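Everything on this sheet refers to the single structure shown next.
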Amino acid sequence: MVKVGVNGFGRIGRLVTRAAFTSGKVEVVAINDPFIDLNYMVYMFQYDSTHGKFKGTVKAENGKLVINGKAITIFQERDPANIKWGDAGAEYVVESTGVFTTMEKAGAHLKGGAKRVIISAPSADAPMFVMGVNQDKYDNSLKIVSNASCTTNCLAPLAKVIHDNFGIVEGLMTTVHAITATQKTVDGPSGKLWRDGRGAAQNIIPASTGAAKAVGKVIPELNGKLTGMAFRVPTPNVSVVDLTCRLEKPAKYEDIKKVVKQASEGPLKGILGYTEDQVVSCDFNSDSHSSTFDAGAGIALNDNFVKLISWYDNEFGYSNRVVDLMAYMASKE
């Protein structure tokens, strides 16, 4: 089992660690976070307002974080080049600070003995992989990769199924997205993106997202055919993608449902879900799928123009894919 270090113990860092323990697919051996001391790590890992209390045991012992009896080395370095991942036995590093997202910056982890780095965010220059879509393009020569964004992980599997079966001529995506840490609790300054600085709990905030364009990077045939935007809404977690697209081959909505259901039970099992239930966002909290197609919510204007709806837990679903990508990479060593 591959040994993993986590850099940045925020929402994704903590949930990747949870996903590692619940899935048993990778082993977390080290965590670096200069802003959180050990006792605070215990508290933050144990208690989670969104996903509930951790079901195992967590304690601090001999300067280490001990989860379910497993001792994890703690570092508190600001500069990633100074983290001694090798000494802790970490082979792969999850870069989840949201700060070191380029090849050059994330590459600093390699100096401390890490063999590979997985960026838990979109990257300007690192190759992006979406499980269920293009992981087969991964090869051993790649030291630094990106797991793309939570929204790309929701959209890409659905877009792949639709494109493979009916062909997507062009499409627009909207994600109705839960609040994340980059937003403000009350109105405040926000650099160039003025709207993003408005109170997160009070507003529906139009925002930009590169998630749809990024699908073109993981499915090259869709490059230039998709773009999208986001509405940030006052919910703590779980988001939903609306993909409105023009189809090459005419299809009845029932045909679309059928192929998505087949994919969800076959090649994309565990990644793409399918439901005909009358669900709402809450129902997907702590769901580990990348994307769950809502058969009852979509609509068709005609056989070539459809609106498709898919839900995702933008925290936990994504964190599980980070773990899956690492397990997949380890299988290719």
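Every residue number used here counts from 1 along the chain in the order it is shown.
Backbone N, Cα and C define each Cβ position, glycine as well.
Among Arg116, Arg195, Arg232, the residue that Swiss-Prot places alongside Ser149, Cys150, Thr151, Thr180, Thr209, Gly210 at the D-glyceraldehyde 3-phosphate binding site is Arg232. Among the ranges 99-104, 171-176, 243-248, the one that Swiss-Prot lists as motif '[IL]-x-C-x-x-[DE] motif' is 243-248. Of the residues proposed, Asp33, Asp136, Asp139, Asp294, the one Swiss-Prot records at the same NAD(+) site as Arg11, Ile12, Arg78, Ser120, Asn314 is Asp33. DSSP gives Ser310 (phosphoserine) a strand state. Proximity of distant same-chain residues to the motif '[IL]-x-C-x-x-[DE] motif' (243-248), defined by a Cβ-Cβ separation under 8 Å and at least 6 residues beyond the stretch ends, is recorded for 155, 158-159, 162, 166-174, 226, 303-310. According to DSSP, Ser149 (D-glyceraldehyde 3-phosphate binding site) is assigned to coil rather than to any helix or strand. Of all the recorded positions listed here (Ser146, His177, Cys245, Lys258, Ser310), His177 has the Cα closest to the Cα of Arg232 (D-glyceraldehyde 3-phosphate binding site).
Residue pair Thr235 (phosphothreonine) / Thr209 (D-glyceraldehyde 3-phosphate binding site) shows a Cα separation of 18 Å. Around the Cβ of Thr151 (D-glyceraldehyde 3-phosphate binding site), 26 further Cβ atoms fall within 10 Å across all displayed protein chains.
Apart from Ser149, Cys150, Thr151, Thr180, Thr209, Gly210, Arg232, the D-glyceraldehyde 3-phosphate site neighbourhood in this chain, defined by C-beta within 8 angstroms of the site C-beta centre, holds Thr175, His177, Ala211, Ala230, Ser239, Asn314.
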